[in-house]
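As structure tokens, the structure follows; a few thoughts come after it.
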Amino acid sequence: AQAHHYSLSITAAAKPEELPLPSEEPKTEATSSDALPEQAVLEELRVSSITPGSVGLHWTVPKGSFNSFMLQYRDAQGQPQALPIDGESRTVMVPGLSPSRRYRFHLYGLQGGKKIDHVSTDVITDAAVPDQLTLHSEKPQPEDHKPEQPQTEQLQTEADRGQVVLGKLKVSSVTPSSVGLQWTVPKGSFDSFTLQYRDAQGQPQALAVDGGSRSVTVPGLSPSHRYRFHLYGLRGRKRIDRVSMDVVTEEPQPEDPKGNDPSTEATPSEVPLAQAVLGELKVSSVTPSSVGLQWTVPKGSFDSFTLHYRDAQGQPQALAVDGGSRSVTVP
């Protein structure tokens with residue numbers, strides 16, 4: 001297998017297969033041989049949300065602490081996948097799954113790079129979402145419609161207006177391949193959210209979001225393409241309220257004739273000393289298919305961040321990150 005080098009200058013060799021064979025029974029509890037009494041203990045890997053294309057998981061650490069976690073599973077093609085997770089986290093959202101498929105997830109707790117304990121669970125994703133998006137029947141927006149001033153519609157299909165309400169859906173960031181969205185819940189609370197949209201090929205997509213979140217970044221979009229996003233607020237499995245909006249992704253960034261990634265370094269004129277300053281960019285985790293990064297902001301604050309890199313085919317990619325974040329995992 002050929003290793004691909006990114007501008008981050010980070011590579012990782014594929015690790016030996018550690019996922020159990022399909023014939024093994026699912027493990028839902030950590031074994032005593034995996035976790036010594038004086039060490040940290042993992043418990044209860046549970047499902048917090050399920051959609052046709054994603055699964056939300058959460059867990060507890062009743063004793064001790066871990067430096068990080070690693071979630072392992074096989075994708076729809078049977079290929080092993082590994083998702084690094086920060087040691088302070090107790091939840092994770094696994095995107096990019098296939099509908100109506102059984103997945104076995106293994107969560108490992110790590111200390112100093114060593115697997116200390118693990119818990120496992122089996123999950124079946126929901127069936128494919130029936131086509132509830134009425135894009136073909138909706139009136140097209142004018143060509144001069146701009147993402148800075150998107151039109152927002154609110155529809156309370158099943159809402160008891162006296163209980164919980166979704167506020168306005170706004171754009172927080174736009175790149176050629178991603179859109180950041182944020183919203184408010186002015187009254188009540190939701191158990192979870194579901195963001196629905198059609199991809200560039202017209203196929204419906206669904207992204208599950210935790211009920212405590214008020215923002216989401218949608219990756220893997222196409223440049224200069226108009227998307228209509230529908231955010232549903234759920235209680236249990238019931239949709240209570242919805243807000244929608246149109247967003248147009250940015251045009252592709254021109255190639256640098258010198259072969260350098262765009263916007264990787266700020267010039268003195270772009271970052272005056274009196275304004276916000278980015279600190280050191282460090283690697284927090286590396287797997288064969290992902291890189292975790294973290295950084296500091298020693299002075300001031302930023303509204304958002306954009307991470308640029310080139311994929312294995314040499315195409316420039318951009319990943320939008322919320323301004324309050326100090327870490328990101330590039331899958």
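Note: Cβ is positioned from N, Cα and C throughout, glycine not excepted.
Taken from TrEMBL, the feature region 'Disordered' covers 1-36 (among others).
Sequence annotations record features per position, and here TrEMBL assigns domain 'Fibronectin type-III' to 41-131 (among others).
TrEMBL lists 136-157 (among others) with the feature region 'Disordered'.
Among the features that TrEMBL reports, compositional bias 'Basic and acidic residues' is placed at 136-148.
TrEMBL lists 165-254 (among others) with the feature domain 'Fibronectin type-III'.
The region 'Disordered' annotation in TrEMBL covers 247-269 (among others).
Residues annotated as domain 'Fibronectin type-III' in TrEMBL: 277-331 (among others).
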The domain 'Fibronectin type-III' (277-331) - residue tally per DSSP class, helix then strand then coil:
0 helix, 33 strand, 22 coil
Mean pLDDT over the domain 'Fibronectin type-III' (165-254): what is the value?
88
